[in-house]
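Q: After the structure tokens below, expect a handful of questions from me.
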Amino acid sequence: MTSEQTVGLPFEPEGVEWTPVSTRLAGARLTVLGVVLGPVTLLLIVLAVVVTPWIWIPAGVLLAVITFGAVLVPRQVRAMAYAERAEDLLVRKGIMFRQLVVVPYGRMQYVDVNAGPIARRFSIASVQLHTASPMTSASIDGLPPQEAARLRDRLASRGEARLAGL
Amino acid sequence: MTEDELDAGPVPEDRWRRMHPATPALRGWKVVFAVLLIVWYQIGDNLQDAYRLIDGHAWLYMLGGLAVVALVGVGWSAIVWRVTRFAVTDDAVHVHSGLVFRQQRRARLDRLQAVDVVQPLLARLVGLAELKLEVAGGSGSAVELAYLRESDAQALRAELLALAAGLRQGSAGAASGPVAADGVPFSVEAAPGSTDPTTAPTSDPTSDPTSIPTSVPAAAGTIPAVRATRLTDRIERRFEDAPEQEVYTVPTPRLLIATLRSGAVVGLVAAAIAVVVGVILADGDIGAAFVFVPGVFALVGFVWNRVNSGAGFRAAISPDGIRLRHGLTEARTQTVPPGRVQAVRIHQGLWWRGPDWWRVEMNVAGYAQAANNARETVLHPVATRDEAATALWLVLPDLGVADPRALLDAALSGRDEDGGFLTAPRRARWLDPFGWRRRGVFVTSTALLVRSGRWGRQLDVVPHERTQSLGYVQGPWQRRLGVATIAVHSTPGPVTPRVEHLDADALARLLDEQAERARAARALAGPEQWMRGTA
């Protein structure tokens, strides 16, 4: 589907060592998907059996979405990675729509570490970098908690060392 | 009250002041206005009911109700006024407010992004003004000092800008203790004395014959200062306004014509003609015409807004940065210090191509969070090409090329490789059949220029040191064609530069180089306190 050399270069800069995020993120995301869509799908299936077969249509759509997610989410998670370079942080994600964000440490305004209940159960956390631009979508989901804490401290100290105005 | 516990801060007691005592009346009036507006909308729904109300005595009650609302509004504003106070120290502005929920805000002056003096119509009539400081701390971070005497607001602005620029009051200025606050007469001459005279044209006494040197010692003499009286005292002038030089003005006829030629107006007129034709064809069934009533109202609002905010637009340059004055009913004077403009967009709608007019907008951190950002972020509402070049020069004096004008011409109206732009490859036409020949990017030693738009033309300029972060994206179709997009992330505002559909490999190199250039430029960038000079 894709020719490798055109894909390779932009998203694989030379001399950059990528750290993939934890594969547990896939579990967490699928759990969320299941919790949200599972009960509705079950209800629809029951209704389809009991009331009218027409309800198989929405139930089928939901089942398709869940199946699609089950296939896609692990791949998506495998595509997510980050890399700390000397002066900036690289965050990469996406298979179909690929995205690479370059955030210089000196532009960082603050760093968020988040972990919701499901993420905690899977023992992962997310680190999000904020610059003065709301368009900087540099969030790294699915980090082990120690790694998240390490990254947070490291980013904060590096940002301080290179602090600049806006 | 427990004021003292909260107030134990670095601000000496006698530095605090209050807003002008007329503030509650002005603020209270807003409440009445809001109520009237709500009533108007209610009545607007049902005119017949409204007639019946006016027939009886109901309008008397309504008038009474309005009076009560006015009283409550003014009363509440008076309480708010009473508990609000502010102080300026060498490195920050402090504002304490709130009766039930106390708020103390300390805005660092070295983070100052812009200072506006705003005069809404009513305040203008009575000679008051609001001073707004943008400090780029996210939404609601602006410090609004409303209302002050107009002259006070200007004196305060001069002081804030001078302090933010790194000038200090007298020799004792560095110590922001009570000594400096109390006795030291902050004479105008003393201000630049502490700094290099070449970098401090702020208070050149010759530039302003009405300057205050004589009155300042007198004011200082009366200061011995009881706090209660000083709160509403006139603000003494410690710093002169920086001398400014006018750069361009916008003639009103041009503004009017340009507004009428904007895409929205032309589009609606075209639609109206279509409707008229339709009505004639449908044998005079005018029902369809009413669909356009809301559109017409929106359009009138749009035109009024553009004309009102752009009227009397003047731009000047001073050591304190760019100074913009504009507004018909609401007069606004903006001061954007050097290096605070994060990005500039010069664009032109289809119907402005004939007279070659351009609208110049800018990103300034802090401005975009304000409600009426469309008014604050305009650098030039209707510029000729020369003026657009001047406006860009205001922001970025050095474009980093030998012939900036030629580059700008290529950027504004050129296509393909004109002027050395890196352009979209021919295969990008599948994604962008019309605009691909205009898509392009040019890198100078100081800025990144992004060109786009086949009919409505557009140019985004981002100084390297203002790049926040970079995003490289590629969708499935782009990947198949071997092209990609770079988004240059800037602070919130009208300018969102994107280099779209350029060759993927070339962009990847650009991404790498741009990250490097941005870092190098940041390292060389001037200090936040712009009068300090590069070390």
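Counting begins at 1 with the first residue displayed.
Every residue gets a Cβ built from N, Cα and C, even glycine.
It should be emphasised that the depicted structure is a prediction, and the values quoted were computed from it without experimental measurement.
I grabbed these lines from TrEMBL:
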| type | residues | note |
| --- | --- | --- |
| TRANSMEM | B:25-43 | transmembrane segment |
| TRANSMEM | B:58-81 | transmembrane segment |
| DOMAIN | B:81-159 | domain 'YdbS-like PH' |
| REGION | B:185-217 | region 'Disordered' |
| TRANSMEM | B:263-280 | transmembrane segment |
| TRANSMEM | B:286-304 | transmembrane segment |
| DOMAIN | B:313-378 | domain 'YdbS-like PH' |
| DOMAIN | B:436-512 | domain 'YdbS-like PH' |
Q: Mind checking how the domain 'YdbS-like PH' (B:313-378) divides into helix, strand and coil residues in DSSP?
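A: The breakdown for the domain 'YdbS-like PH' (B:313-378) reads 7 helix, 33 strand, 26 coil.
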Q: Same chain only, please: residues at least 6 beyond the ends of the transmembrane segment (B:286-304) with a C-beta under 8 Å from a C-beta of the stretch. Say none if there are none.
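A: For the transmembrane segment (B:286-304), the nonlocal Cβ contacts are 259-260, 264-265, 268, 271-272, 275-276, 278-279.
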Q: Using a Cβ-Cβ cut-off of under 8 Å, list the residues of the same chain that are 6+ residues beyond the ends of the transmembrane segment (B:58-81) and lie near it.
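A: Residues packing against the transmembrane segment (B:58-81) from afar: 18-19, 21, 23-25, 27-32, 35-36, 39, 97, 99.
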Q: Per DSSP, what is the helix/strand/coil residue tally across the domain 'YdbS-like PH' (B:436-512)?
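A: Reading the DSSP string over the domain 'YdbS-like PH' (B:436-512) gives 18 helix, 36 strand, 23 coil.
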Q: For the domain 'YdbS-like PH' (B:81-159), what does DSSP give as the number of helix, strand and coil residues?
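A: Its residues fall into 21 helix, 36 strand, 22 coil.
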Q: In the predicted model, what is the mean pLDDT computed over the domain 'YdbS-like PH' (B:81-159)?
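A: Mean pLDDT across the domain 'YdbS-like PH' (B:81-159) comes out at 88.
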